[in-house]
């Protein structure tokens, strides 16, 4: 095998400087605005499938474009450019029926990139390198594409190996310098790619070139899509010998830092990092500027984290050039010496390190058809669900590796092994640990290796069939990246005595390390634990032989480990489990002291050595060390005595109703059982000796119970729905006590003239949804959780004026005020409340929460208006931490110091330049000076252009408005998107169980999610059957024409203009020929002729009746039910909007009559046309709702607008319908002053937004403040 000189060349450069890899190819291709014919060219002009979007084809059909993009990146400073082959496998190309072109795609892509590198290299005198990009494909080995069949896979390991091998071979033939296996979301796929590449180098004689490997961490959980941590990913793929490893895609640089840092500490290779240009915005675009991204990556470089940096989605040559400049002169990271030298690394979803500090690794033994009759029967009967429970019990009992054996004559071993391993891969609590694939059939071992993404242990190979077969199998195991168990077995048979055991192990070790190239730390010797106490004298020393052989192996074979099947030692005592378990414990005690560091053992059934009865311990040690020839007989007698005595059954049952009243109340609170709480509370109250006052019942047994609830919730052992149910129990108990407490208070006042103002609470919180906003689900949850944690909550409801909030805070002597809001105008109202709190002299902390709020807005806009604590609370649990910290005088100062430093850091990063005075700050950000805006006139010149001569508007089936009253909810159920429902309850699944219904499989929240979902189904049926809610809607279609940035709508009968929807145009700097979008771009212009295009309008609600119904529930202290009803109403409203849009497309407007989309497709927006809402990214101005309401007469359907233009009922949706097939969602983003204020350009009037609407500039700025990109007074 020949090795390229590039290894040394790149290593030398990496010692001198940080290298640069290019940015996004797809982003740059999109900017070329290519059409179908560009992708087809001549070669595919008659192809049977649409090809637009198959970017890899452009290397064949438009190589000029690809060359241009490569050259732009190289001229920007890139050392490496990636070939245009992200989807260049037969598997990915199958979607386009282009499998036959895979060689040409990869070969030509490599040639184009090679030419660009050579040209720029010649011009600059600096050599540039081509990375052959190998993407992940659109299939995964670790995750089933079918929810119903978790063991199903739509691709095999060998199919991926073949596809990756073909791609890599063609890339190398085209002249790439490096192979880059990138965007790895499933380590099993990466292992297939690396397997294919190593096969090319080691078996086909292809000269070896460097390999880079880059994974993708999908979110802040720090895991890949298939669930592995970054460190586990490194362990799983180390056999591919990459010279650089790192991360790309999914995250922006700032969020990627901690994961890159972890990799940097773990890996002795180069580290590469090419993140996205920030996180996607609401419409999937990327907003991070080149300067912002470069500054973050500069910090990576200064901290010694990286050797190669670049960009992924949303990055451009400008980003790469900024990075190139940012790291000039900064020394590259120096890779550390192997941080895990002398240790064995394994992985499941998480890494596992086996070294001296681990002492002993338990290998769970019960998933073995040869060793467990129950497990065998489960597998034979295809009862895999219960079989997985066996695995789960092993892990819960302490197994650190899971042994899986499917060797039974009546089983299809490869099938059973693959199916079981695939099933447990979707069980995070099991899959977190490595697997030991245990079989005497090498085909079963291969099946297992190809069904798991982690680094496994293979159990086993041996010299039984000679050295050649041994080496062949060892090389295969090594290429799959597994560690290996080697049996003390050779051509002469199984070793029993110490010397023979060591002789075979030493010979095997030499072959593996010297001839096969195995890492010594990945070698595990099974020195044969054989059965003692068989009655045969020659077996009596088997225990001692193993222990002595273990000592010799560990002393003479560096790095090697020793393992064995512990239960073999006690096989003579089958049926006497107590004796066997004790024998295993004694054997392990001595074997571990000799150096045995792993063992197949039932981890949950080992007694502690020192807990074994001394007479029994003496007998077992005599037997193990063959010190008493009568030991076997004596042990049998002892076993019979133990059997005669038997074991007392544990008859403990769940009889909580027979416990003390205090324990009953605590149990009811934790479990959320309200059936007996009033009676139990009354029983406690009547015990006046123990609880002289009703308040004492709250302070002691009830608060003791809620303290347990709070602890469990804080530790993540209880979930929000359970907490709310606990609160329901607490509220009922307190409601029962309140009349007695009031009576007591009144009696004290009358008898002694006292004004008792005692409180059992930590503090009082006044909480409200601010004026103009009607959304309260999140606020209600916060109120409940605070109440559960011993805070008195005064809930002022929704649409609460500032003066009412302040008045309530003063009257209630509140310790905190909490403000909530969902819509953007609520942010300004929160600022107003903060100002007023300061004006009237309040000094209590202000808590800010709600979907539209953020820490940045709180720190920059709200906190400076109020010189006392202002805290942004991300969710309900955060509010508890904040209130508790601020209530505890021992931690309050430290908490506030941290908070102030954090907010000051936020303000500094936002480039806040000066304070106006002690309480107020200037809202001028230096960063806004650097923001690149395009003049309004120029943006209009670069509008999104549609060839209107080729577009014939479809006339709707009716013109004017049509109402849909009392709509049948049953028709909406299939359109419900359940993910936001679980978000309401703060139930968020993790890899790969984020979405519905996969969330039910999540190890942490799945059970609770299923319970809440089942409750929702019950409530949904109740709401529908009892006609609690009403769903109304109104839809209107009107003739329309665009004029500049605005859309006029017309009376269908007279042709007179009815009104105008005013539009905002994107104004942030854009590169090359990117369009600046405005909604008016999607409507035929007026200047073309009479209006013959159309605009749709709609408003719908599913919340009529919800507020009244929930009020009754809340009066009955059932917050859980109230939140449930509101959450369901919200989901039904969104479902109604989705249903209406489909009806519009297919029937009412009928511009997409042949649409064949599933509910999933609808939720993924795979249809023609859009329905943007006023106040959202494509038109951020909420005031446009006034025009919409006037034209729709929406009030007739029971939907009204509040003062701040929120919709009431809150469970309502509204917007516009656009039918143009080229219409698309976009975000207006920040706008400059020339789009807001009236100006003149060269005597030509450029009409601005305020002038067109005939509204004062200040009012426009107030409504558009979130997108204003200049300094406001």
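Here the Cβ of each residue, glycine as well, is placed from N, Cα and C on the backbone.
Look at Swiss-Prot and you will find 249, 312, 313 tagged as Zn(2+) binding site. In the three-state DSSP scheme, residue 313 (Zn(2+) binding site) is classed as coil. Note on residue 313 (Zn(2+) binding site): other Cβ atoms within 10 Å of its Cβ, all shown chains, come to 22.
A 10 Å cutoff on Cβ-Cβ distances gives residue 773 (methylcob(III)alamin binding site) a total of 31 other Cβ atoms nearby, all chains included. Annotated methylcob(III)alamin binding site per Swiss-Prot: 699, 772, 773, 774, 775, 776, 820, 824, 876, in sequence order.
Around residue 1171 (S-adenosyl-L-methionine binding site), the C-beta neighbours below 8 angstroms that are at least 6 residues distant in the chain are 1096, 1098, 1137, 1141, 1215, 1216, 1217, 1218. In the three-state DSSP scheme, residue 1171 (S-adenosyl-L-methionine binding site) falls into the coil class. Per Swiss-Prot, the feature S-adenosyl-L-methionine binding site maps to 977, 1171, 1225, 1226.
Annotation source Swiss-Prot lists domain 'Hcy-binding' at 7-327.
Note on the domain 'Pterin-binding' (360-621): mean pLDDT across this stretch is 93. Annotated domain 'Pterin-binding' per Swiss-Prot: 360-621, in sequence order.
Sequence annotations record features per position, and here Swiss-Prot assigns domain 'B12-binding N-terminal' to 652-749.
The feature domain 'B12-binding' is assigned by Swiss-Prot to 762-897, with sequence analysis given as support.
The annotation domain 'AdoMet activation' is assigned in Swiss-Prot to 927-1273.
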Considering pairs 6 or more residues apart, do the domain 'B12-binding N-terminal' (652-749) and the domain 'Hcy-binding' (7-327) have at least three CB pairs under 8 Å?
no
Under a Cβ pair cut-off of under 8 Å, which of the recorded stretches 360-621, 762-897, 927-1273 contacts the domain 'Hcy-binding' (7-327) most often?
360-621
Residues flanking the Zn(2+) site, with Cβ no more than 8 Å from the Cβ centroid of 249, 312, 313 and excluding those residues themselves:
24, 183, 216, 248, 250, 274, 275, 276, 311, 314, 315
Under a three-state DSSP reduction, the secondary structure at residue 820 (methylcob(III)alamin binding site) is strand
Report, in whole Å, the straight Cα-to-Cα distance of residue 699 (methylcob(III)alamin binding site) from residue 1226 (S-adenosyl-L-methionine binding site).
55
Provide, as an integer number of angstrom, the distance between the C-alpha atoms of residue 820 (methylcob(III)alamin binding site) and residue 977 (S-adenosyl-L-methionine binding site).
24
Compare the Cα of residue 1225 (S-adenosyl-L-methionine binding site) against each of the binding-site residues 249, 312, 313, 699, 773 and report the nearest.
313
Span of the S-adenosyl-L-methionine site, taken as the largest CA to CA distance across 977, 1171, 1225, 1226 (Å, rounded to a whole number)
22
If we count other C-beta atoms within 10 Å, could you say which of the binding-site residues 1225, 1226 has the fewest?
1225
Residue pair residue 249 (Zn(2+) binding site), residue 977 (S-adenosyl-L-methionine binding site) - Cα distance, angstrom, rounded
26
Taking DSSP H, G, I as helix and E, B as strand, the domain 'B12-binding N-terminal' (652-749) contains 75 helix, 0 strand, 23 coil
By DSSP, how many residues in the domain 'B12-binding' (762-897) are helix, how many strand, and how many coil?
66 helix, 26 strand, 44 coil
